[in-house]
Amino acid sequence: MASGNVMKTEVSVAASFISGLLSSSDSLTGDQLQIFTHTLTDALLEHYQHHWFPQAPCRGSGYRCLRINHKMDPLIGKAASAVGFTQEQLFSSLPAELTLWVDPYEVSYRIGEDGSTCGLYKSSPLRPKSATSADTSAHRKEKLKTRRSNRSKRFDVMERSLS
C-alpha cells in the first residue's frame with residue numbers, strides 16, 4: 001500500500017490528460033473542467049490506493065488502466081457525471097478507443113487498438129537514502145568495469161571464431 005502523495009504526480013498527469021482531451025471539444029466550461037479534473041484525480045487516488053507498488057511498477061497495471069473501448073471507463077464516467085456531463089457527451093468528446101496506463105514512474109496512452117503508445121510522464125525511482133554518493137560512484141565504476149570485461153570477452157570470442 002502507498003500513500004496518495006507517492007502517486008499524486010502520475011494521477012495528476014492522467015487526469016490532466018483526460019481533461020485536456022475534453023477541453024478541446026469546448027463542451028465544458030473552465031470551472032466544469034476544473035471540477036472534472038479534481039473529481040477524477042480523487043477517484044483515481046482512491047481507486048489505486050491498495051494497487052500501487054513502486055518497487056514492482058508493473059504489478060497491478062491492469063487494474064490501473066483507464067479504458068474507453070465502446071464502453072466508458074467507470075472512473076471517467078463518475079467524474080463526468082459530477083459536472084453534469086452525459087455519457088453521450090463524453091463519447092462525442094473523447095476518442096472512441098483510448099487506453100491510458102497509470103503506473104509508478106510512468107503514464108502513457110494509446111489511441112486506437114493499433115495506435116502507437118505515447119508517453120506522457122516518466123521518472124526514475126528514487127535511490128535509497130542510505131546510499132552515499134561514494135557508494136553509488138563505486139557501484140557505477142564496478143558496473144562499467146563489468147561491461148568492459150564482458151565486451152572484451154565477446155570480442156575475444158568473435159576474434160577466435162574468425163581465425
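Quick reminder: no glycine exception, Cβ is built from N, Cα and C everywhere.
Per TrEMBL, the feature domain 'Anti-proliferative protein' maps to 94-113. With a threshold of 8 Å between CB atoms, the same-chain residues lying at least 6 positions outside the domain 'Anti-proliferative protein' (94-113) that come near it are 6-7, 10-11, 13-14, 17-18, 21-22, 44, 48, 52-54, 57-58, 61, 64-70, 76, 119-125.
Taken from TrEMBL, the feature region 'Disordered' covers 122-163.
According to TrEMBL, the feature compositional bias 'Basic residues' maps to 140-152.
The compositional bias 'Basic and acidic residues' annotation in TrEMBL covers 153-163.
Averaged across the domain 'Anti-proliferative protein' (94-113), the predicted model reaches a pLDDT of 96.
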